[in-house]
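Scroll down for the structure; my scribbles are underneath it.
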Amino acid sequence: MEEQEIITTLKILIIGESGVGKSSLLLRFTEDTFDPEQAATIGVDFKVKTLTVEGNKTKLAIWDTAGQERFRTLTPSYYRGAQGVILVYDVSSKQSFNKLDAWLNELETFSTKHDMVKMLVGNKIDRANHEVTKDEGLKFARKHHMLFIEASAKTNDGVQCAFEELVEKIIQTPGLWETSSKNLTLSNHGPEGQGQSCYCVL
């Protein structure tokens, strides 16, 4: 059987406060592992993964950035050319949720693609002490025209779905990416039926 052609390479960013689990989400998605002692990212981490969504094989270049202020000088080059962004907060930390507006402002300032697809992820739903409700996350996502999902890098709940939904929406956005492939497949159905935790709120 012939190897399926990769139709495009997409640049995906993961942003949010330090400690919300950005690196853990990336590690779970790319390597299906979880390290409870995951150290804070210094600067930028970068991983590549191939993903097939709706019959389209894409290569994802996923950038994970440090949430700390002292690394913010990396910002302009980090955002340049990105087609998708995953904005992460910790459902057990109201403070991380309250900082989302600042991250969105930075995204608007530095992103070079105005139609970039945004996904809001409420991480660490395995924890008992939730400070942010699902409704609060959904309301914020709707207000800012973002996809939304709650997830847990620890249990792997919602992680695959988050990346698949993001990539599917990018593929369905004309002009956001380029392809030389003739194998593009477009579908017009939404994310219904892919599990209770996934919401498309655009």
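For all residues, glycine too, the Cβ spot is worked out from N, Cα and C.
Listed features, source Swiss-Prot:
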type	residues	note
BINDING	Ser18, Gly21, Lys22, Ser23, Ser24, Asp35, Pro36, Thr41, Gly67, Lys124, Asp126, Ala153	GTP binding site
MOTIF	38-46	motif 'Effector region'
LIPID	Cys198	S-geranylgeranyl cysteine
LIPID	Cys200	S-geranylgeranyl cysteine
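Structure with Swiss-Prot features highlighted.
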residue: Ser18; record: GTP binding site; DSSP (3 states): coil
residue: Ser24; record: GTP binding site; DSSP (3 states): helix
residue: Pro36; record: GTP binding site; DSSP (3 states): coil
residue: Asp126; record: GTP binding site; DSSP (3 states): coil
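Counted over every protein chain shown, other Cβ atoms within 10 Å are most numerous around Ser24 among the binding-site residues Ser18, Ser24.
All protein chains included, Pro36 (GTP binding site) registers 6 other Cβ atoms within 10 Å of its own Cβ.
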